[in-house]
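Working notes, structure below.
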Amino acid sequence: MENLESRLKNAPYFRCEKGTDSIPLCRKCETCVLAWKIFSTKEWFCRINDISQRRFLVGILKQLNSLYLLHYFQNILQTTQGKDFIYNRSRINLSKKEGKVVKSSLNQMLDKTVEQKMKEILYWFANSTQWTKANYTLLLLQMCNPKLLLTAANVIRVLFLREENNISGLNQDITDVCFSPEKDHSSKSATSQVYWTAKTQHTSLPLSKAPENEHLLGAASNPEEPWRNSLRCISEMNRLFSGKGDITKPGYDPCNLLVDLDDIRDLSSGFSKYRDFIRYLPIHLSKYILRMLDRHTLNKCASVSQHWAAMAQQVKMDLSAHGFIQNQITFLQGSYTRGIDPNYANKVSIPVPKMVDDGKSMRVKHPKWKLRTKNEYNLWTAYQNEETQQVLIEERNVFCGTYNVRILSDTWDQNRVIHYSGGDLIAVSSNRKIHLLDIIQVKAIPVEFRGHAGSVRALFLCEEENFLLSGSYDLSIRYWDLKSGVCTRIFGGHQGTITCMDLCKNRLVSGGRDCQVKVWDVDTGKCLKTFRHKDPILATRINDTYIVSSCERGLVKVWHIAMAQLVKTLSGHEGAVKCLFFDQWHLLSGSTDGLVMAWSMVGKYERCLMAFKHPKEVLDVSLLFLRVISACADGKIRIYNFLNGNCMKVLKANGRGDPVLSFFIQGNRMVVNTESNVLMFQFEHIKWQYAVEKTKQKKNKEKEEEKEENSLMEILSKCNIQVHSPRESVSSKQTVIQELLPGKPPKSRVLLKPAKFSSAVLIEELQSQGKSKSPRRDADDVEKAQKQGQLETPGKLPSHPKKKSWKIPMSPDQFLLTVSALQHAHNSGEFAYPCRPQTEITDVWGPSISYPRKVLNFKGKSIQRAVDRLRLSNPPIDVKRTSIPLEIQKLQPNLKISLHSPRVQSTIPQPMIIRSRFSGSLKGGDQVTSSIERAVCSTGPLTSMQVIKPNRMLAPQVGTATLSLKKERPRIYTALDPFRVNTEFVLLTVKEEKEHQEAKMKEYQARESTGVVDPGKVSKAAWIRKIKGLPIDNFTKQGKTAAPELGQNVFI
């Protein structure tokens, strides 16, 4: 028996040699004791609960106390880390609720009995040899279920790392220790013959507990003695690491052999060199990392630990709040415009390349290349050195106004495909089924379209003609009837997944991953033409003449349908082109490189015209009224001006920033498909205002304003008025004509508003001006007034440009000069009317009107009646015009002091002096001999001989009388800021404060004295004072000193 003790390979097959046939076990030898203990363990181990089984198993594993045995069992249980064991462990057994079962008294007695047996076996196991421990543990693991095996594997891994760390100076990694078969091992043997050995190295490493000259023995060098070397290795390792099996540890208590549940939880949780980085990071960084996960993965993270569950819950709440805020912003942005005129429309001339017969563009004869700045990049400069022709195209600021948002579907699906062609239905599919969505009632129609064997990847709905086209992963295109949902036709021919489709009349074009573009006849289902790329097709478009297709390589090809040939290939994108749009003149392509490129559809012109940059890949694009509409993967729809590349508006599809997969435009309605929902933007109905109509409306408005002003000036010209400044009465905003009080000369006031004349309001006559001196004179006045009305025709009046000086604020001097010019023009012969009352100018600084006014609004009434009443209320007077002769004296310029040579011909007019010749200086007293005077004194048919006192504007003299009339301007007193003065926050005494003030004053005086004085300016100021007769005592001449003792203004 002692000879076979070390043969572990035959350990399960050891038998007692002392036993008889009637009693096979002697119960004295180690083999019989082991067999009896295993038999008794099988009786109760499978009947106890999971907690007791786990406690007993962990207690057994803790008593191994051998690095060799721990490594041996770790290798055996390594298969428990596979996916099948992990899946079985993650399952929850709902039939057993541990800890909540009410135990009866009998069960409690049985538990106590079983616990006593477990303690006895643990005590026996702790005092057993390594051979007994190895065999009993192997047989015990055979009775464990998968969950217990996983627990055992975790506990053994933790215990092994603990034992390894307890050995100080262990320089050999555990990977250098392994099991290897003996060299004389036969494959026919029932058990595997293994022994523990160290991997061969260049140098042997000593163990910590051994002397320096003792080394771990490797494999047997002599092939004749494998068993001795194996025995020596095992005994040496057992001696070094665990000592003798029958020696218990100091302080060993057999009552504590059963492990508590807390210790089991700590051991079975596993031991790893990795750390939970989410727990160690700050909370905001942990939430930022978890926020990058999708919702499904975030729900899984909540099962990792309590900390992760709390973080995941907070991230969900933050995402929900952020989404709510962004959705509110999305709804509110529909009623906000960034200074863009949403009603703008115009017809502009757009350059297009001029082509020759072979379809190539014409270049200029003498090309000039010029570097363009950022502001110079537009459509007109894109055709550099190319001959172009102008095409009239309409432009509008589409989708720049206010809009309402309606959610049609709120289901997250990144594989959703939709199509909308106007009307009330939307075709939606994300798998093999297709259903229709009513956008008015926001509900699905019960008709479903089934028949595809694979998921649907392309749709085209034609609601007007009552059919639906769908392209699928099953390589087929199906033609469906909308009302019945029956597939009536199948288009077969593609050898790859259908990725895109487009329809024009009865021609269908489709592209697939088989690098083919096929043209079909919708009525017959036959393939008419096939075009090929070298890469899978991602987008295709068709019209009556051309087909445009793009592929994953980034190439865009234009095909001619009738001729079935390639027109041109457009290259410039660095990524796959996913979307296309083209019309008669231009082509747009959107790519994964974040660019939308504009090309010309005319002939074979292949140069890129414009590029519109996006932060992420472009998924859909359209061109409408010279406005580029693009959908980006950042969740925004952008509207660009095609002419200059400016971004006019940005529409957010949702608050989460999900990519906009596609959008469809019909009228003032836009249907948007994102990964998280389907939206409809309903824009307001806009009446477009073209630039030509605006100019016409502006001209008509100006003509109406001119007519109103002319009628107002006609009224003012027929009455005695006084012009009053708006500064006198701020509350008065209208034009007023006021009759004067009796006893004063005929006078009236006019208050001019600075804005345009929207209406004219007359002040009614407050009191009669008195009866006329003779009724004959009144009759004559009426007669003359009627004659005057006949003479005042628009054709006879001279044409004058419209003056807009009243529409802008002016200074008082400008206002008085304007009134004076009007008076002189009024007194001239061209505007001289009989019976026209004179006007006098009231000083602009004079007092405002103190007497009450009665305002009469004659809007809608006859103005002529009011004019006649005002004309008859003022008696006419005779008018005589006089003039003062002028004296003109011509001067000869002195050319000697000219800066130019005498040979240079001068263009300066001859100077002259013009001054009035007064009566005292004239020879002959009152005789008038001047021809100019005779011409001036001649009377016309509309003049009289009575003298008029001229209305002159005299410059006010500087004096107290004039200054008193002027309004004193309000003085603004600003208090000093104490914080600005006491910026240093220094506490000073009274004496220190005085010293500080004196120092500041000296500093200020020194700064003022150092100022540079211009001697020229000082001399000029002195001469001016001397001319005015003012003293110049304070004037100091340069280099001289004033000597007042010698006399006034005497300098030495």
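Yeah, the Cβs are placed from backbone N, Cα and C, and that goes for glycine too.
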Name the residue range among 511-535, 911-935, 986-1010 that Swiss-Prot annotates as coiled coil.
986-1010
If you look at how Swiss-Prot annotates this chain, which of 180-209, 690-719, 720-749 comes out as coiled coil?
690-719
Would you mind giving the whole-number mean pLDDT across the domain 'F-box' (276-323)?
87
DSSP composition of the repeat 'WD 5' (534-569), residue counts helix/strand/coil, works out to 0 helix, 22 strand, 14 coil
Where else in the chain does the repeat 'WD 6' (572-609) make close Cβ contacts, counting only residues six or more beyond its ends and a cut-off under 8 Å?
350, 352-353, 355, 359-361, 379, 382-383, 386, 391, 393, 538-541, 543, 546, 548-556, 558, 615-623, 628, 630-632, 640, 642
Beyond the flanks of the repeat 'WD 2' (409-447) by at least 6 residues, Cβ under 8 Å
295, 453-464, 468, 470, 472, 480, 482-485, 658, 661-662, 664, 666-667, 669, 671, 673, 675-678, 680
How many of the residues that make up the repeat 'WD 3' (451-490) does DSSP mark as helix, as strand and as coil?
0 helix, 23 strand, 17 coil
